[in-house]
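Colleague: Annotation comment: Swiss-Prot describes G91, S92, V93, A94, V95, G96, K97, S98 as ATP binding site, evidence class sequence analysis.
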Amino acid sequence: MTNEFLHFEKISRQTWQSLHRKTTPPLTEEELESIKSFNDQISLQDVTDIYLPLAHLIQIYKRTKEDLAFSKGIFLQRESKSQPFIIGVSGSVAVGKSTTSRLLQILLSRTFTDATVELVTTDGFLYPNQTLIEQGILNRKGFPESYDMEALLNFLDRIKNGQDVDIPVYSHEVYDIVPEKKQSVKAADFVIVEGINVFQNPQNDRLYITDFFDFSIYVDAGVDDIESWYLDRFLKMLSLAQNDPDSYYYRFTQMPIGEVESFAHQVWISINLTNLQNYIEPTRNRAEVILHKSKNHEIDEIYLKK
């Protein structure tokens, strides 16, 4: 165990699954298939063993937050205002953050009857490609400077205060922000914020993004495994783009497969791996829970902050 994990409790999958009574997963195999990322692997057994105990833990944190807010209201002699419970989900590109986030959205909406659950990805806070080109940092897309962190902080502040917010929409198919398109995020009981940068700090350091989170999750895996999943995802994106000239990946379908694999590997080394090692992984210990995946995508270890 490294110093990074000294303030975490390491829990095996077997022990973790015993922390919650066995119940039938509140979703079908078809629903699970529809929400998983197309290069990810997850089963109903994973839902039972990992995610139902996780949802129960979130329930504990939510109850604790509400009790504290009530007690503070008594101390301040004023009525406490209801706020959304905000969950941050971080991790590398291609590690399975989106699957985890979408699954949590379903589980929370069905665990808490009548609860509303919004899901937001920080991809929408990337600067448009044209802006990145003008700033000379298109090749740094995904790195901290390519995000409008002030806009992200403003969004979190407004959501925390119960306001509805419209935010930009990013398309992986066109590899850019979609002009004129917005996602309307309503003031909800739960808001899940997913992205590689959700534990990072803006350069001015006046506010910490993690200050807005009531619970936080980091999806982790070995670097070699993540690289394999990234390359697999890249090639699968090509298969989807074969008949779509508007797709960012279409141009790669016209290239020899060897050149494509070489290009994808270079992107991994120069961008995604560098970003992971320098900016994403160093924020891992800011999470309340770390879900570690093995080579076959199965979560084998859980780290819970003490």
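Every residue, even glycine, has its Cβ placed from backbone N, Cα and C.
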Colleague: Would you mind listing, in sequence order, the residues at least six apart from V95 (ATP binding site) in the same chain with a Cβ closer than 8 Å to its Cβ?
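Modeller: In sequence order, the residues whose Cβ lies under 8 Å from that of V95 (ATP binding site) (at least 6 apart) are V219, D220, A221, I226, W229, K293.
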Colleague: Can you tell me whether DSSP puts G91 (ATP binding site) in helix, strand or coil?
Modeller: strand
Colleague: Please compare the binding-site residues V93, A94 by how many other CB atoms fall within 10 Å of each one's CB, and tell me which has the fewest.
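Modeller: Minimum Cβ neighbour count within 10 Å, taken over the binding-site residues V93, A94, occurs at V93.
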Colleague: Within 10 Å of the Cβ of G91 (ATP binding site), how many other Cβ atoms can be counted across all chains shown?
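Modeller: So the number of other Cβ atoms within 10 Å of G91 (ATP binding site) is 30.
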Colleague: For G96 (ATP binding site), which residues in the same chain are close in space, meaning a Cβ under 8 Å from its Cβ, but six or more apart along the sequence?
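Modeller: G96 (ATP binding site) has long-range Cβ partners S37, D40, I42, V219, W229, K293, H297.
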Colleague: If you count Cβ atoms within 10 Å of each one, which of the binding-site residues S92, S98 comes out on top?
Modeller: S92
Colleague: K97 (ATP binding site) has how many other Cβ neighbours within 10 Å of its own Cβ?
Modeller: 24
Colleague: What three-state class does DSSP give G96 (ATP binding site)?
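Modeller: Once the DSSP labels are grouped into three classes, G96 (ATP binding site) ends up as coil.
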